[in-house]
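Data first, discussion second: the structure below is written as structure tokens.
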Amino acid sequence: MAQTLVTEPFPISRIANRYLIFDVNIISHIRREHNICGVLIGTIPNLSQQNVFLGIPMQLMPEETRLLVEHGHAYIVEDADAHKTGFMEMSREDRLAFLRQMDKQGVEMALDAKRRAADKQEKVLKEKGLERKIQEKNLRRTDITPNPATGETSVGPSDEKSLSDSMPPSPTVGSARGQKVAPYFITPTTSHPPLPTPPLSPAAELPKVPHTYPLFRHLQSKGYFSTPGLRFGCHYTAYPGDPLRFHSHFLATGLDWDEEFELLDIVGGGRLGTGVKKAYLIGGEDPEAKASGKEDGSDPVRAFSIEWAGL
Amino acid sequence: MADYDENLSHLRGPSAADIDLDDETQDFRFLSNLPTHDVKDLTLPKRGDKDFESHATSLQLSTLEASRQAMHNALSWPRIHTQKTHLLATYHPESNMAYVKKAKTQHFQTLGHFKAGKNWLLPEEALFMIERGSMDCRWPVQVEEGRTDIIVYDGQEENERGVPMSLQGAYAAFIGFEGGVGGKLTLEMYTVYAGLKRAGFIVFRAGDWDDERLPIQYNEQDARDGDKVKSGNWAFGFVAEIWRRLSRKETEVPADRLKCGPLLGSGLYRSYADIYRLLQVIPTRDRNAPPELILPPDCSNPFRITFDVYKTAGAGKFKKSTRGPPDYRIAVVNARETPVPTMAQLNDLLATTPYDPPNPNGNLYQKLRHGSRNVILAVVDNGIPSYIRVGDTPFTDEKLYKRLGRGPPRGKKSGRGRGRGRGG
């Protein structure tokens, strides 16, 4: 499957103050281009009895969202508002048009599934050496399968008819054509279409981020991927590359520049990190360097990694 | 284990049993071997081999590319409903719920409630059903004046169908519109709900989330004693009671001696137990007394039991109307907004769980771990839940001095100590 190009800036949905992405192309895009991997929190259909592989939507940390917005890659959309106006007040014409479109897709999918089932059956029969049965099958199949051209023309009139009656299309439009396929119903993943791509609103405020944001930004600028780190008792687990391929290197904890902390935290973090083959990392932003660094472009964040030497 | 790192544990990989597949991102290439729509005999993949360093080889790059492609494909799987499995639901904006008229799947044994001819689904139930691809939810149809929304489908009169709700629309509605109806379901709660459902548990809301707090559960001492006599041998209980009365000597240290000692007066002691009992000067809470340190009822208390969770064992007999006490009680906490609970908050939370003493014949450590009341905190950090079990452990109920002389000596026959050796 070819990658679909994503045009920047792309929308990020804000739902109840959480940041979510529903478009699979954007999910792949930010992984490749911006080393941001978010957290997949959704259930993959057909794989709904396991927690190892999760799917759409992807939840972004406020830090990740802010970084994408600050750099102009993305903008935030209030999804609840968009859906309230878009669907709750949808006009009858738009609704019928969208339903027809979904129905058409459903017929195509049903036909596709049928074709694949037939192919599979043919293959099995061939393996068993039952050529004669295939021929019988083929004879019957030519009766059923419409060639694409006639399929097209028969969609036309039925559409016309439902338009003139201003009735929604019947779900059994397939059987009316004598094809013996009932259209599948589809639950789309995103709401675009039928909703228009939401307009860019630069006035929207940036997401609120915790005081660990400078460390996150620093790691990200060095090419690290970060995921939420509560499971390892830190703020972020930092990966040297895509977590699909690499083990994480650091358990990163963000601190303020002059913040006092317990020496025992280093022992705890260091031991935990070493135990799971990672290094404990602390870092913070120097406010003075930040002020002066604006001119020379240097990074005001410093980070230290701590590892048990195991001597 | 104390000597864990002396083993240079970091040079070895963790043992297979320690690996939690959920802990790290898994390689989606395992999924690409599966046919898209036929995953009936699916087994979970083993942990993949990942790299520690980037070495910019073509092999590594192409493997990564393959993983990304597999992930992209898996995430693109469509949610389709055939005519046979089509479960039609309609969104109800006034309550932020969805209803189903014809419930024709097994799912309704463990979710929804039936009211006025319709099966009503709570927001989390509806969202999960849509997300797993088992339900086709439609936006409600705005009926214009002078028109009827009744229409004929397949020769049956039905309400006109709305536009299918996309997954994005479902999140926007069931999570995003929630603020309009009281804002009880948060994304964190839904994440925990969906995770538990995927793991096969049966999950219900604890209480109806409208009350300020769940009822305090008092420990009914009488009922417990009654059970004891019934379950044990009556004669044995009687003798034990007499023995307990005979052997009880002075259990209280007089106040003046508590002040300047000695704790043990001169006298004749027949057993060490009497002496230890006198040495115990730190008062402990009586677990049969009503819970103390309870906070005033407050809707905004972040620590309250969110879900009642049932194991699936015997799910065939599970009845949602009479479901009995849950196996686990889970309180969902947002790691980014809620600090570590205070003593009073924990006490308050535990007071709403029932008194649940451990099996008295169990192993000491099991009993201590079980506690007399317990609750599971699901702490969600941006979509990743961690489950922490909090128990109220009655240490003073497990008298170590009473264990002496019971059973075989340690380490010989009992098999304890086998697990020690050179650290996990």
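Backbone N, Cα and C define each Cβ position, glycine as well.
Because TrEMBL annotations are produced automatically, they should be read as predictions rather than curated entries.
Since the structure is predicted, the reported quantities are computational estimates derived from the model, not experimental observations.
TrEMBL annotations:
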| type | residues | note |
| --- | --- | --- |
| ACT_SITE | A:Tyr239 | active site |
| ACT_SITE | A:His247 | active site |
| ACT_SITE | A:Lys278 | active site |
| COMPBIAS | A:116-143 | compositional bias 'Basic and acidic residues' |
| COMPBIAS | A:144-156 | compositional bias 'Polar residues' |
| DOMAIN | A:11-79 | domain 'TSEN34 N-terminal' |
| DOMAIN | A:213-287 | domain 'tRNA intron endonuclease catalytic' |
| REGION | A:116-177 | region 'Disordered' |
Spatial neighbours, same chain, of A:His247 (active site) - Cβ under 8 Å, 6+ residues apart: A:Tyr239, A:Lys277, A:Lys278
Secondary structure content, the domain 'TSEN34 N-terminal' (A:11-79) (per DSSP, counts of residues): 20 helix, 24 strand, 25 coil
Three-state composition of the domain 'tRNA intron endonuclease catalytic' (A:213-287), taking helix and strand from DSSP: 26 helix, 21 strand, 28 coil
For the domain 'TSEN34 N-terminal' (A:11-79), the mean pLDDT of the predicted model: 91
